[in-house]
Every structure is written in structure tokens, then in C-alpha cells.
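Visitor: Just passing along the structure, written as C-alpha cells.
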Amino acid sequence: SFCFFSSRSSGKLIAPLGCLVSRQKHTLPDLPYDYGALEPHINAEIMQLHHSKHHATYVNNLNVTEEKYKEALAKGDVTAQVSLQPALKFNGGGHINHTIFWTNLSPNGGGEPKGELMEAIKRDFGSFANFKEKLTAVSVGVQGSGWGWLGYNKEQGRLQIAACANQDPLQGTTGLIPLLGIDVWEHAYYLQYKNVRPDYLKAIWNVINWENVSSRYASCKK
């Protein structure tokens, strides 16, 4: 809730820092394209369930967890704060990861990146084909559920491939800035590709939005 006090000098209402606990709840972002726009590579049914059910659940659970965390902070209950950390990591990561993922895809995607990003890929992986092979292999190799990522290592000034388990967010767990994420949870592909993850990974390269990945790369280099 908001709280204010009146400043004698100006008569204006001022919110003390301790009262700035009110915040906007997290919301499900709109997809920048229709559910069927990525067909035949990712079908409409998968996109609809993935976005409107799975991502929505992470958002709802994140809001609930943050409310509980706020109460624990207010009470100074460190035990409760610690016990809420896994739910914050899982649901917060799920929201962060999917918010990136939707923008990493496009019905006009596929092909190869251009400009600075392509130069960096050649510099750090030898060739685009080599990079594609490595990110695919890392994504295929995720045991159970998780993500394959292309990230930017700011300290070393280079691109790096990484895998994260479950919904662990890349930057929060490895320090790498996320550029391109590939969701390899079964809910991302099972309805269409069954248990053949490599077929899904082969198809997803046809809808990668390199403009988005390139703009993320340009932003994190600033």
C-alpha cells in the first residue's frame, strides 16, 4: 500500500523510502506474432499452451511468491525469506527466460546473423556452422528440463555457450548476459516432435530472430 507524509517546507506529499514497497505486479507479455505464425516449425497448439498456460503460471506464481517474500521482509523473518528463494528462482527465472525466448523467435527469422554479431560468432566459434553445431549439441545434452544459451561474457568481451537446468536464469546464475535462449523443456516441443528433441532443435533455427539477438548484443556491449 502507498503511504505519504506532508513536507512542511513545500506542502507536497512525499513518499518515504520505506513505503516504496508497492510495485506493479508482473504480467504476461503479449507475443509479437500470432500463435500460428511460427508454423510449420513450431505449431500453434504448442505456442498457445506454452505462452498462455506455462508462462502465465510462472508469472502468477512469481507474484504470489513476491507477496510472501515482502511479508517475510516486513517481519524480519529470515528463515521464511530463505525458504522462498527456490520459488523465486524457479518462477522468476521462468518469467525472465520466456520473456526473452518469445522475442528471440520470429516468423521472418532463420538464416544467419549479419554485422557485428556475425563477426563475433566467427571470432569466438570459428564459423557460424560451428557455433550452430555447438549450441545445438549443448541444448540436446541438457538432462531433463532446461535451456541452451548464447550469452555474452562482459568481463572477457566474448560470446559463450552455456546450459542451464530447469528455469535457472542465465545472468542470475552464471553472470552471462542472455542473447539467445533455446527452451528444451518437453512442453516446448513434445506435442509436435514427441521425444525427439534433435528434430525440434533442427527446426527452431528456421525461426531464430537474428535482429533481436543482434540488438541484444549491441546493447550489452555499450
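Placed from the backbone N, Cα and C atoms, the Cβ positions cover glycine too.
Whatever TrEMBL says is automated annotation, not expert-curated.
Pasting the relevant annotations from TrEMBL:
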type	residues	note
DOMAIN	25-106	domain 'Manganese/iron superoxide dismutase N-terminal'
BINDING	HIS50, HIS98, ASP183, HIS187	Mn(2+) binding site
DOMAIN	113-216	domain 'Manganese/iron superoxide dismutase C-terminal'
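Set these features in their place in the structure for me.
Guide: The average per-residue pLDDT of the prediction over the domain 'Manganese/iron superoxide dismutase N-terminal' (25-106) is 97, rounded to a whole number.
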Visitor: Under 8 Å Cβ to Cβ from HIS98 (Mn(2+) binding site), same chain, six or more residues apart: give me those in sequence order, or none if nothing qualifies.
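Guide: In sequence order, HIS50, HIS51, HIS54, HIS55, TYR58, ASP183 meet the Cβ cut-off.
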Visitor: Once the chains shown are all counted, how many other Cβ atoms turn up within 10 Å of the Cβ of HIS187 (Mn(2+) binding site)?
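Guide: Around HIS187 (Mn(2+) binding site), other Cβ atoms within 10 Å: 13.
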Visitor: What count of other C-beta atoms do you get within 10 angstroms of the C-beta of ASP183 (Mn(2+) binding site), across all chains shown?
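Guide: Taking every protein chain into account, the count is 25.
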Visitor: Using all protein chains in view, find how many other C-beta atoms are within 10 Å of the C-beta of HIS50 (Mn(2+) binding site).
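Guide: The answer is 23.
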Visitor: Using the centroid of the Cβ atoms of HIS50, HIS98, ASP183, HIS187 as reference, list every other same-chain residue with Cβ within 8 Å of it (recorded Mn(2+) site), in sequence order.
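Guide: So the additional residues around the site are HIS51, HIS54, HIS55, PHE101, TRP185, ALA188.
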